[in-house]
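Enquirer: The following block contains the structure, expressed as structure tokens.
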Amino acid sequence: MGNTTSDRVSGERHGAKAARSEGAGGHAPGKEHKIMVGSTDDPSVFSLPDSKLPGDKEFVSWQQDLEDSVKPTQQARPTVIRWSEGGKEVFISGSFNNWSTKIPLIKSHNDFVAILDLPEGEHQYKFFVDGQWVHDPSEPVVTSQLGTINNLIHVKKSDFEVFDALKLDSMESSETSCRDLSSSPPGPYGQEMYAFRSEERFKSPPILPPHLLQVILNKDTNISCDPALLPEPNHVMLNHLYALSIKDSVMVLSATHRYKKKYVTTLLYKPI
């Protein structure tokens, strides 16, 4: 009997504790859930596999729209912008840089010029001349949404096809020339050694052409002329190396080259 009573009492105590724990367990998850959702400092909210904040879907959709709206940038084309209406300081700004900065123009004679790399398409722009925004009346204009008059330029790929073709042709010609220089000339080839004949060893050198006998360094300089200046040489005398007669144990070498309309004669003195 004593054991039965003690078991009943201990069972009632355990039943009360179990009921108390069940009651506490029924309300605790709700409170913990409210704290986790309302508090951004609780790190467990990010560890739950099924928990997503309400703005996650909106952020993902916004990011997807942003990625879809990004398009590959078009090729920039060098475009010449010119201002011919005078002024001291001229700048330009337009839709190509979101009107954020003013690009200075360089003065060339009576005009102001700038070369800008603009993508293909239409662009609005305006000049900032001596502190005032103005447009060029000689160029196409358009009225913006704010009612201001801006210049309009249309950059088209077809306008640069000639330059692209010339650039491509230049690259191909340079590659061809390099390939021709590196390759051997056409013709038969063999491994036979050339045998010199006895009469070839004692053959006299070729006769010097008569037009190469008139070396300008051997000519007497006129008294009225500047001794540092030489007479204009004949075109057949260019790009030749001349050795003058040895005098006072000094050998003189000379060569004449032409640069456009100027002639330069170089002298090399070597003691012997």
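Glycine too: its Cβ is placed from the backbone N, Cα and C atoms.
Positions annotated as region 'Disordered' by Swiss-Prot: 1-52. Summarising the annotation, Swiss-Prot assigns phosphoserine to SER39, SER69, SER95, SER108, SER158, SER170, SER174, SER184. According to Swiss-Prot, the phosphothreonine annotation covers THR40, THR148.
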Enquirer: Return only the integer: C-alpha distance in Å from SER158 (phosphoserine) to SER95 (phosphoserine).
Expert: 22
Enquirer: For THR148 (phosphothreonine), which residues of its chain lie six or more apart in sequence with Cβ-Cβ distance below 8 Å?
Expert: LYS126
Enquirer: Over all shown protein chains, what is the count of other CB atoms within 10 A of the CB belonging to SER158 (phosphoserine)?
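Expert: The Cβ of SER158 (phosphoserine) has 7 Cβ neighbours within 10 Å.
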Enquirer: Give me the long-range Cβ neighbours of SER95 (phosphoserine): same chain, 6+ apart, Cβ under 8 Å, in sequence order.
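Expert: For SER95 (phosphoserine), the qualifying residues are HIS123, GLN124, TYR125.
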Enquirer: By a simple count, how many Cβ atoms lie within 10 Å of the Cβ of SER108 (phosphoserine), its own Cβ left out?
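Expert: The Cβ of SER108 (phosphoserine) has 10 Cβ neighbours within 10 Å.
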